[in-house]
Structures are given as C-alpha cells and as structure tokens.
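Chemist: As annotated by TrEMBL, domain 'Glycerol-3-phosphate dehydrogenase NAD-dependent N-terminal' applies to 37-133. The sn-glycerol 3-phosphate binding site annotation in TrEMBL covers 82, 110, 112, 164, 217, 227, 228, 229. Among the features that TrEMBL reports, substrate binding site is placed at 82, 228, 229. For 114, 228, the entry in TrEMBL reads NAD(+) binding site. Among the features that TrEMBL reports, domain 'Glycerol-3-phosphate dehydrogenase NAD-dependent C-terminal' is placed at 153-288. If you look up TrEMBL, you'll see 164 marked as active site, proton acceptor.
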Ligand SMILES: NC(=O)C1=CN([C@@H]2O[C@H](COP(=O)(O)OP(=O)(O)OC[C@H]3O[C@@H](n4cnc5c(N)ncnc54)[C@H](O)[C@@H]3O)[C@@H](O)[C@H]2O)C=CC1
Ligand SMILES: O=C(CO)COP(=O)(O)O
C-alpha cells in the first residue's frame, strides 16, 4: 500500500537540496541510512512505498544499494547521481535496468550546485528518459525557480554528468598550478570535445554535450571552488595525498572513481581520452607537472 506520493532516497547534499525543491509544491518525504533531523524524514520502507522516488546516493554505491534494499512495485524513478561504476565501467542506466523498466526511469542532469538549489536560486535542468511521460510527471513536482527540459538522450546526459566531474578535477589542478586563464579555457574546451568523442562511441547525441547536461554543467563545475571535484584538483596540484584530500572533503567527489571507469572503458574500446587519462595517472601518483608536459607534447 502506498504511504505517500513522492520521496527522496539519500540525505546527502544533493538529496537534501532536491527534497527542499520538491517540497515547494508537493508533500515530499526523505530517507537515509541513518536517521536525520529533517522535516518529513521517514524510514526506507515508507519511502519505497511512494509512487515517485528520487534516488540521490553516490554512483559507486548504487548496485549494492539496489541489490540489498530495492523492491520494485511500479514506482517511477528519477536518478540524481552523476558517475560511472568504476569496478565494471557500467553506466548507471545499465545498472538500474536490472531492477526497473526503461519507461519508468529518468535521469536528472545539468548545472546544479546543491548549495544554491537549497537557497531557492534559479537554474535549468534536464530530465532524461526514454519515456516523455516520466519527464511530464516529474517536471510537475519541480518548483517555479527550476526550469526543466526534456531529453531522450539518457546515455549522453549520463556520460556528460559523469565526465565533467573528471574534467573539474583537471581544471582544479590547472588552477592550483597557477597555469593561467588561457590554459584553463583550453583545458575546458578540449575537455568538452573529449567527452563528446567518448559519448559518441556509446551512441550519445552531440547536442547533449553542447547543452545544459554537457557544457552547462562542465562550465559550472570546472570553474568554481563550490565544486568538490574542482577542490580535489586544487589539492592534488599542491601535492597533497588523495586520501588526505578526500578525508577533509567529507563528501563524495564522483570524478575520482569515474576517472578509473573512463580509463577502463577507453582502454577496452580504444577511445582517445587524453585529459581523463592524465587525471587518472595523477590520482595514481603521477606528478601534475609531468602530466601537463605530456598533455602539451602528445
Ligand atoms: N552536491 C551537488 O551539488 C550535486 C550532486 N550530485 C550527485 O548526487 C550524488 C550524491 O551527491 P551528494 O548528495 O552531494 O553527496 P554527499 O556526499 O553529500 O552525500 C551522499 C549521501 O549518500 C549516502 N550514501 C552513501 N553510501 C550509501 C549507501 N551505500 N547506501 C545508501 N546511502 C548511501 C550518504 O549517507 C549521504 O547521505 C552524487 O552522484 C553527486 O555527483 C548531482 C548534482 C549536484
Ligand atoms: O554536479 C554538480 C553540480 O552540477 C556538483 O559538482 P561537485 O560534485 O563537483 O560538487
């Protein structure tokens, strides 16, 4: 029996911001692994009984979470995570497809720092789904300060949202090394070309990379210390260990594991991804200055 209509699963930064936004028009519930002092906090059983679910847990945890917790009872799902599974190279839509039919799931993408959404500041986002009905149903829940667009290019939006996190790490490194504005603009624009090339291999549409899900989110994340991934890059540039940087961050930086996933997929399918490759090598201990030299030379 349904106990409510709409719930967010995951009460991290993004889950809480989406809960705030979706509560403007509709009674919206929220759940998490541990109890939180948030209005309309419910247990997982209550949340799973809702007809509409927004899932905002880190990409690397999704498969395990679905296997252990998820019971499909015709819910409609909106996935809010941005990443690629590092252990397998699987895209999130592939993981979810083992549990939820294609026409019942959508993926939200676009430039959206949780810290701004939770203040009610305006932005434009994309709901990507094979089913336009999913877009129509979820978009009704979004508040007036968020404009939503529809796209059927699920794989394109997913790759753009995940890849930009790796490029944000690269951009943070560029800033931390004081390489200047020209270098950063070069890196971001070549990064955009690189993620589009990677996406094309998997059937993504070029336009997705030029819109909100690609350029929009890349320009946001690769230019601001509000981005966790960018801050990881800043730390790496000053030769701090990844372990120390992540400990201090205390939140997820999806680009770290997504760099491993892209490396795996690029090698497997022979896709040219020079920036993501250097980010992966730096995360594994290569000197950022050596990476810069190699990027310029090759
Ligand atoms: N923070 C932001 O501005 C945005 C984040 N995202 C994406 O949303 C996803 C979540 O990010 P944040 O909420 O910001 O991260 P966060 O680090 O603030 O919170 C992650 C949440 O996931 C929960 N979690 C972790 N492992 C879990 C598991 N095994 N089972 C159940 N829950 C688990 C944690 O308890 C925590 O509440 C990421 O994929 C991120 O890239 C997307 C757009 C904006
Ligand atoms: O995806 C985001 C904004 O759209 C958040 O980026 P970070 O995870 O790097 O903070």
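In case you wondered, yes, glycine gets a Cβ from its N, Cα and C as well.
Source: prediction; values computed, not measured.
Map the listed features onto the structure and describe their local environment.
Modeler: Within the same chain, residues at least 6 positions away in sequence whose Cβ sits under 8 Å from that of residue 227 (sn-glycerol 3-phosphate binding site) are 113, 168, 172, 220, 221.
Long-range Cβ neighbours of residue 82 (sn-glycerol 3-phosphate binding site) (same chain, at least 6 residues apart, Cβ-Cβ under 8 Å): 59, 109, 158, 161, 162, 164, 165, 254. According to DSSP, residue 82 (sn-glycerol 3-phosphate binding site) sits in a coil region rather than a helix or strand.
DSSP assigns residue 114 (NAD(+) binding site) to a helix in the three-state reduction. Cβ contacts within 10 Å of residue 114 (NAD(+) binding site), excluding its own Cβ and spanning all protein chains shown: 20.
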Chemist: So which of the binding-site residues 110, 114, 164, 217, 227, 228 sit close to ligand 1, that is, with a CB under 6 Å from an atom of it?
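Modeler: Checking each Cβ against ligand 1, the ones under 6 Å are 114.
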Chemist: Filter the binding-site residues 110, 114, 164 down to those with CB closer than 6 A to an atom of ligand 2; keep them in sequence order.
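Modeler: Near ligand 2: none of them.
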Chemist: Excluding 82, 228, 229, please set out which residues of the same chain place their CB within 8 Å of the center of the CB atoms of the substrate site, keeping sequence order.
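Modeler: Near the substrate site, beyond 82, 228, 229, sit 165, 168, 221, 227, 252, 253, 254, 255.
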Chemist: Ten-angstrom check, please: count other Cβ atoms within 10 Å of the Cβ of residue 229 (sn-glycerol 3-phosphate binding site), all chains counted.
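Modeler: Residue 229 (sn-glycerol 3-phosphate binding site): 27 neighbouring Cβ atoms within 10 Å.
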Chemist: For residue 229 (sn-glycerol 3-phosphate binding site), name the DSSP secondary structure in the helix/strand/coil scheme.
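Modeler: Residue 229 (sn-glycerol 3-phosphate binding site) sits in a helix per DSSP.
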Chemist: Sort out the sequence-distant neighbours of residue 217 (sn-glycerol 3-phosphate binding site) for me: same chain, 6+ apart, CB within less than 8 Å of its CB, listed by position.
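Modeler: Set apart from residue 217 (sn-glycerol 3-phosphate binding site) by at least 6 residues yet with Cβ under 8 Å, we have 109, 110, 111, 112, 160, 161, 164.
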